[in-house]
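Inspection log for the structure reproduced underneath, given as C-alpha cells.
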Amino acid sequence: MYQRMLRCGAELGSPGGGSSGGAGGRLALLWIVPLTLSGLLGVAWGASSLGAHHIHHFHGSSKHHSVPIAIYRSPASLRGGHAGTTYIFSKGGGQITYKWPPNDRPSTRADRLAIGFSTVQKEAVLVRVDSSSGLGDYLELHIHQGKIGVKFNVGTDDIAIEESNAIINDGKYHVVRFTRSGGNATLQVDSWPVIERYPAGNNDNERLAIARQRIPYRLGRVVDEWLLDKGRQLTIFNSQATIIIGGKEQGQPFQGQLSGLYYNGLKVLNMAAENDANIAIVGNVRLVGEVPSSMTTESTATAMQSEMSTSIMETTTTLATSTARRGKPPTKEPISQTTDDILVASAECPSDDEDIDPCEPSSGGLANPTRVGGREPYPGSAEVIRESSSTTGMVVGIVAAAALCILILLYAMYKYRNRDEGSYHVDESRNYISNSAQSNGAVVKEKQPSSAKSANKNKKNKDKEYYV
C-alpha cells in the first residue's frame, strides 16, 4: 500500500504534471510520511502492550496440589504480605460479638472455620458460635492444656476433636482450620496432618439424606425424634445467632492475638475493623491490622487437603486443603511465618427437614494470606496478572493515523480550492494598426466605396479559387 502511494506521489510530481503536479506530489508525500510513522508507532505500542502479560512465579517447592473447586481471587487486604485483620486481646480479656439479624440466621449442614493466633495460655476460648436461645446447638474453638481443639453439638451429643501433637501455646503464630459436615469433622494446625472425627451413628447419612427428600415437611420432626431414639446423628446446625470471639463471656478470656477469622464466608475481624453495625466490641481489645513480623513459626507452607468420607451434600462454604499422608510428621524447616490458603466456595441453603429458620444463599471468597513481612509467598504457587490493554496501543495508533490523514486531506482540498484561476500575458507589440493609430490621436476616416467598384470587386471574387 505504501509503495502504491509513493508511485502516485511520484506521478503527481512528474515534470509532465507541471507546477500543480509538483505541488500534488509534495502533498502526497506529506500525507504518506505521517501515515507511515503513525502506523509504526501504533504497531510498537501494541507490541509493548502485548508484552504486558506477566506471569509471576513464586519459586520454592516443586510440589503442587490441585484444588477440587474453583478458586476466587483473594481480597486485596490479604495480598502483599498481610495475614488479615489482627486484634490483640490484652490482660483482663475482651470480646468481639457478631449477631446475625433475627430474620437472617442461617442453618447449615456444613461449616468452615479458620483463624490465625498466637498465645502462651494453656486454657482459653478463641471462638464460639451459638444458635438461637433454646436450641442448644453450638461450635467452640478452644485451647485445653496447651492443645487446640473444637467441640460442637448439632442436636445429638457433644462431639470433640483435638490436635494433641502440636504445641500451640508457645507464643508463635499458628493457623488452625476446622471443617464440619454433619457429624463428621476435620481439624488441622499449621501443616500437621489432618485429624478426622467420625462419630458413631453417622454411617448411613447418605441414604438418610436421600430418604428425607421424600418425607413430608409436617412429618420431619417426628422422623427426627424417631432417629434420635435409634441413635442417629443429626446434621444441621440450626439458626446460628452469634459469633463470640475472645471467650470472656465463657469465663476463659483469651490473651494474645487473633488474625483473619473466616467463618462460612464471614470475615468477622475485617467487619469489626470496618465498624459493622452487627458487631460489638468490649474489653481490652486493640486493632493492629497485621501480625507482628517478630513472631515466626517452624511450620511449613504446604497446604493439606482435608479428607471427608461422608458424601452428604455440603450446603455452606467449602474448605479445600491439600492431602497429607497419615502418620507422617510434618517437615520442619526454619522458614518465615506463613498462613495457609483458605478456600471458600458459594453456599446454598440446606433443604433438610431439621431446619428451623430459612436461610439465604451466600457467596464466599478466597482468603489467601501470604507470608508476613513482604517476603516470598507460598512455595510452588503462581499468580497470573493479565492486563486488558493488549490491543489498546494498536487501536490508538490506527486512530491517530486515520485522524492525521483526514486532516492532511482536508488541508490539501483547501489549498486546491483556493488556488489562482490563472493569468494571461498580452503582447503589447502585436496590437492592430487601428489601435496604434488611435493611440496616436489620428482619426481614420472611413471611405464610402461606390456601388460600381463594389460590384466589380464581388465579380472578381467569384472567379478566385482558394486553397487550404
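Every residue, even glycine, has its Cβ placed from backbone N, Cα and C.
Taken from Swiss-Prot, the feature Ca(2+) binding site applies to ASP137, VAL154, ILE236, ASN238, supported by experimental evidence. Secondary structure at ASP137 (Ca(2+) binding site), as computed by DSSP, is coil. A simple way to gauge crowding: the CB of ASP137 (Ca(2+) binding site) has 22 other CB atoms within 10 angstroms, across all the protein chains here.
Residues or ranges marked as O-linked glycosylation site in Swiss-Prot: SER346.
Under the heading phosphoserine, Swiss-Prot lists SER450 (among others).
Per Swiss-Prot, phosphoserine is recorded for SER451 (among others).
If you look up Swiss-Prot, you'll see SER454 (among others) marked as phosphoserine, on the strength of similarity to another entry.
Under the heading topological domain 'Extracellular', Swiss-Prot lists 47-391, citing sequence analysis as support.
The feature topological domain 'Cytoplasmic' is assigned by Swiss-Prot to 415-468, with sequence analysis given as support.
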Of VAL154, ILE236 (the binding-site residues), the residue whose Cβ has the fewest other Cβ atoms within 10 Å: ILE236
Whole-number mean of pLDDT values that fall within the topological domain 'Cytoplasmic' (415-468): 56
